[in-house]
Amino acid sequence: MSFIPVAEDSDFPIQNLPYGVFSTQSNPKPRIGVAIGDQILDLSVIKHLFTGPVLSKHQHVFDETTLNSFMGLGQAAWKEARASLQNLLSASQAQLRDDKELRQRAFTSQASATMHLPATIGDYTDFYSSLQHATNVGIMFRGKENALLPNWLHLPVGYHGRASSVVVSGTPIRRPMGQMRPDNSKPPVYGASKRLDMELEMAFFVGPGNRFGEPIPISKAQEHIFGMVLMNDWSARDIQQWEYVPLGPFLGKSFGTTISPWVVPMDALMPFVVPNPKQDPKPLPYLCHSQPYTFDINLSVALKGEGMSQAATICRSNFKHMYWTILQQLTHHSVNGCNLRPGDLLASGTISGSDPESFGSMLELSWKGTKAIDVGQGQTRTFLLDGDEVIITGHCQGDGYRVGFGQCAGKVLPALSPA
């Protein structure tokens with residue numbers, strides 16, 4: 001138990017301690033903090049209290065404006081930091097609890113803070129690792145007989161996204177303009193996307209990277225994974241459908257990707273590990289791992305339209321539905337010698353279960369726009385309207401506590417007028 005009061009339904013008990021980057025009106029410099037209850041502990045203020053064998057030599061990483069350097073220190077530093085923080089925040093420890101002057105400088109209410117991206121994201125890769133999602137999309141566009149492409153059950157399919165347009169929760173997303181071909185009997189047209197969608201995803205940040213030309217074996221992959229966030233991979237389906245052959249997504253995805261600001265460390269998620277999904281056929285040896293490494297994370301998506309008094313939940317899913325694990329994703333990404341770096345972001349792909357209510361995109365929930373999605377108060381949707389706010393939340397449920405991720409939210413702004 002912490003000396004900081006934490007409600008039972010708080011996302012941020014002492015069992016969590018996620019890392020983020022924040023600023024305040026009184027101190028506009030972005031700095032590294034840890035969430036506890038409704039407070040933020042400023043690590044730049046208490047860096048001198050990290051006196052373990054690793055961090056005593058690297059206290060300066062907590063003076064930086066991003067988590068990249070801390071991410072790059074590796075598991076020994078992360079575990080040492082977590083143990084120190086849990087000790088300092090414990091109700092039985094006086095060092096921080098009883099130092100009123102230090103406490104006053106070290107803690108900030110989350111309500112008064114502005115959150116920033118937790119890391120400088122050098123590269124962003126999006127995978128396509130939900131069997132149900134891949135099957136659903138395949139049925140819609142290719143038919144039931146050709147739902148899965150031949151490679152899907154053999155490797156974690158992915159594509160390189162646009163790191164520059166990854167934004168932190170709360171950043172508005174402008175409806176994109178682009179080229180579409182709504183009528184195959186007519187030439188393509190240019191205009192605002194009419195099929196703007198959300199995608200329920202999660203993502204993980206890379207810790208230490210690998211040298212150029214040297215793959216990360218799956219037995220070592222866990223050592224390179226710092227922590228996880230929620231993600232909304234906004235998608236313009238009409239732009240995407242016209243452009244994606246033969247090289248895959250481009251402008252239909254690159255206009256905006258939202259992540260939650262708090263990075264939940266993997267050690268906070270390990271109590272919620274569950275068996276990996278059965279993979280048939282068995283993957284090639286470089287992708288095989290026996291240790292469980294997927295997680296029971298309850299996920300939900302809510303939509304709040306303009307004029308709606310409250311948001312309506314349109315999807316409930318779970319991260320455990322993923323077919324390919326994050327260890328497999330990381331290893332496959334590096335198998336050709338591609339070098340990953342601290343702060344790189346690797347995303348899961350849309351998270352869909354077998355139940356229609358667990359489908360993680362409006363493309364699936366509306367079945368390509370043929371079914372209305374009830375969002376309450378007499379309103380329905382097939383795709384997103386201007387003014388709609390999408391709010392993704394997620395948590396692991398423990399005994400009397402929960403390890404949560406906060407919110408991943410964004411509101412749709414109207415498209416700019418064509419030039």
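Here the Cβ of each residue, glycine as well, is placed from N, Cα and C on the backbone.
For the Mg(2+) site, Swiss-Prot lists Lys253, Thr257; matching the candidates Asp233, Asp238, Asp280 against that entry yields Asp233. Site annotation (Swiss-Prot): substrate is bound by Arg142, Gln240, Tyr244, Thr350, and the candidate from Tyr124, Tyr128 recorded at this site is Tyr128.
The candidates are Ser84, Ser112, Ser193; Swiss-Prot tags Ser84 with the feature phosphoserine. The secondary structure of Lys253 (Mg(2+) binding site), as reduced to three states from DSSP, is coil rather than helix or strand. Counting every protein chain shown, the Cβ of Ser92 (phosphoserine) has 8 other Cβ atoms within 10 Å. Compared over the recorded positions Ser84, Thr257, Ser309, Ser417, the count of CB atoms lying within 10 A of a residue's CB peaks at Thr257. A straight line from the CA of Asp126 (Ca(2+) binding site) to the CA of Lys253 (Mg(2+) binding site) spans 10 Å. Summary for the binding-site residues Tyr128, Tyr244: the Cβ-based neighbour count within 10 Å is maximal at Tyr128.
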